[in-house]
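Engineer: One structure, as structure tokens, below. Some questions next.
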Amino acid sequence: MHELRKDPILGKWIAVLKDSKPPEYYMEEGLRRTFRESFGTSCIFCLGREKETPPEIYAYREPGLPSNSPNWETRVIPNLNPLFRIEGDLGRRGVGMYDRMNSVGAHELIIESPRHDIPPEDRGLSSMSGVIATYKSRISELEKDPRFRYLLLHKDYGRRKDMFHHPHSQLVATPVIPRGIKGELEGAKDYFFYKERCVFCDIIDEEMRSGERIVMETSHFLACTPYAPKLPFEFWILPKRHCCAFQDIDETEQEDFALILMTTLKKMRWILRDPAYSYLLHTAPNRIPRKEYWHTLGEDFHWHMEIMPQLAPKSGFEWSLELHVTATSPEDAADYLRGASPL
Ligand SMILES: [Zn+2]
Ligand SMILES: [Zn+2]
Ligand SMILES: [Zn+2]
């Protein structure tokens, strides 16, 4: 099993894979070979090849149809190369001065479209809404497992376009709260402590007031570039209704979220010429009551999605200082995104 190790200085967890890779692994050909060994030479996520994947965990298809049959809109299967495995215990232990534990968790692959070459945002609102319904269903289900502290839904698009092109995203359930998320949760908690207001609700009010960073607004959501972005053209989608957990959205909000995500993704792809990008769903940690449970979580956190195009690699300066440099102001980025009309 892979291993999680805790940095003794910064307190953050990192994962070390069990089968240690040689230098060639990181070269272009090595990456291709690993991909071929894992996934074969053609795509097993396409419609009609359901029996070649591990059995599905969930599928979005008409009720009454058999599982692992071709009639589906989205499918969820275990990740073929999981970083986290569902079986086993955490095995938290100290080794000398260091802390480690087993990488117990869940790692699911969400196949977002039966078509290899058409992402859900290009298949229309009902397809996109099916993807959001799938996210919601899986997150709600995994939140019931007390071993998991955080559920991270994320999509990485286009970085290895030729190798893994089928539209997909991933859901990872981790036994620890990742440090990046923890920083945001603690910042929101501190803001609430001092002001007795949710920082994200305040951001929404401020952005609606100024309007200069708004990308799009729908009945229930606001898409805007953040005041202090980590990347050029980064933007966030926030629900206008205060709510700490994504999985608590109702059906109307689900449809509206699909609309704003679909439209803003198309705008971004249009003006940036189909860039590699990631999106991350920042939602509340597992809400099963436990020791040190975060009692104000429902008030001080506010779920949102962060969409980050990867246009240029980060410099050593940015890595080490975490002082991000963006060559396009968020106000200009919002202006470009707002004005894009790819439809
Ligand atoms: Zn495919
Ligand atoms: Zn709020
Ligand atoms: Zn966030």
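Every residue, even glycine, has its Cβ placed from backbone N, Cα and C.
No curator has checked TrEMBL annotations; they are predicted automatically.
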Engineer: Given TrEMBL annotates CYS43, CYS46, HIS116 as Zn(2+)-binding, which of HIS2, HIS154, HIS166 belongs to that site as well?
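Structural biologist: Record source TrEMBL; matching candidate: HIS166.
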Engineer: Please list, for the domain 'Galactose-1-phosphate uridyl transferase C-terminal' (188-305), how many residues fall into helix, strand and coil according to DSSP.
Structural biologist: 48 helix, 21 strand, 49 coil
Engineer: Please report the number of other Cβ atoms within 10 Å of the Cβ of CYS46 (Zn(2+) binding site).
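Structural biologist: Here the count is 17.
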Engineer: Cβ within 8 Å of the Zn(2+) site centroid (CYS43, CYS46, HIS116, HIS166 excluded): which residues?
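Structural biologist: Those within range, site residues removed, are SER42, ILE44, PHE45, ARG115, ASP117, HIS165.
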Engineer: Report the member of HIS116, HIS166, HIS168 (the recorded positions) whose C-beta atom has the most other C-beta atoms within 10 angstroms.
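Structural biologist: The residue with the most neighbouring Cβ atoms within 10 Å is HIS168.
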Engineer: Would you mind reading off the Cα separation of CYS43 (Zn(2+) binding site) from HIS168 (active site, tele-UMP-histidine intermediate), to the nearest angstrom?
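Structural biologist: Computed Cα spacing between CYS43 (Zn(2+) binding site) and HIS168 (active site, tele-UMP-histidine intermediate) is 12 Å.
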